[in-house]
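Quick look at what Swiss-Prot annotates:
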SIGNAL    1-21  signal peptide
REGION    151-235  region '17 X 5 AA tandem repeats of K-A-A-[AKR]-[ED]'
REPEAT    156-160  repeat '1-2'
REPEAT    161-165  repeat '1-3'
REGION    163-292  region 'Disordered'
REPEAT    181-185  repeat '1-7'
REPEAT    206-210  repeat '1-12'
REPEAT    216-220  repeat '1-14'
REPEAT    221-225  repeat '1-15'
REPEAT    231-235  repeat '1-17'
REPEAT    236-243  repeat '2-1'
REGION    236-288  region '6 X 8 AA tandem repeats of [EA]-A-A-R-X-A-A-E'
REPEAT    245-252  repeat '2-2'
REPEAT    254-261  repeat '2-3'
REPEAT    272-279  repeat '2-5'
REPEAT    281-288  repeat '2-6'
């Protein structure tokens, strides 16, 4: 039984000593462990089993102390390597001015290295490794100073570009608002001018009718006064000539009545002729205004979709020349002024993009609606 125990003890000692044989093996404890192992083997061979057991236990104790020593030294080396890496990274970060560019990360790393150094001095190697790892983790985002400067310059350029683009958008919005305001003001002025013209025309028509009525009443009054004067003169002449001849008086009275009837008939004929002429003029104007609708043709378009220049030679001149537009190429400027905010360059009427929808303003009060259809026959706008 003692032989078996002694054998197992020797195997255990040899196992412990071989576990850390790679490094730090030649230390005070390992040397004593090996010495007692040899003594145990000799005592065992000599049959001194109790002595061999005692030596083997001493060898095992020193082997355990050697293993703990090796473990401490390995932990110390690991902590030392970790702290050296952290200090090296910290020194590099300082050269890159991390204290200015990454103040928070730099401060955290410095405090961690300081704490790690204290832990290392107190042989708390695990704590030292943790502190070193914390410092390295804090400094991992630190970049070289030239890269930081380049990034700052790029960020500044991007911010300036964004500011310029924002200013351009704001200016474009203001310009658009100004154009829309000007267009609304122009439309309001045009509407007011049309309303004023309509009122003036109505006033003129009313004045003309009143003048015609007054002239008619004056003519009727003059005719009545003349008839009365003629009648009085004839009656006076008849009274004076009563003695001369009753027959002549009767003839004169008949002639006076006939003259009065003829005058009344003439005035009535003139009034009837004036009335018919006014009715015919009104009918003629109504017929002219209804020409665009009563012939079964579509109302003139209010919009025009631009085709291509290369194939269709589309431009303001040719579009204005279209019978359904203005039937007059010289009206191209009217079309341009109404649509210059839709072309790439508002001050360049020669550049009109295909697919652009142009507005066709009315130039004579003609009715317009819908998009121009090249397959529909329109009543051409009469030329002046």
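Backbone N, Cα and C define each Cβ position, glycine as well.
The repeat '1-2' (156-160) scores a mean pLDDT of 77 in the predicted structure.
Here the repeat '1-7' (181-185) has no long-range neighbours, meaning no same-chain residue at least 6 beyond its ends has a C-beta under 8 angstroms from one of its own. Proximity of distant same-chain residues to the repeat '1-14' (216-220), defined by a Cβ-Cβ separation under 8 Å and at least 6 residues beyond the stretch ends, is recorded for 267, 271. Counted with DSSP, the repeat '1-12' (206-210) comes out as 5 helix, 0 strand, 0 coil.
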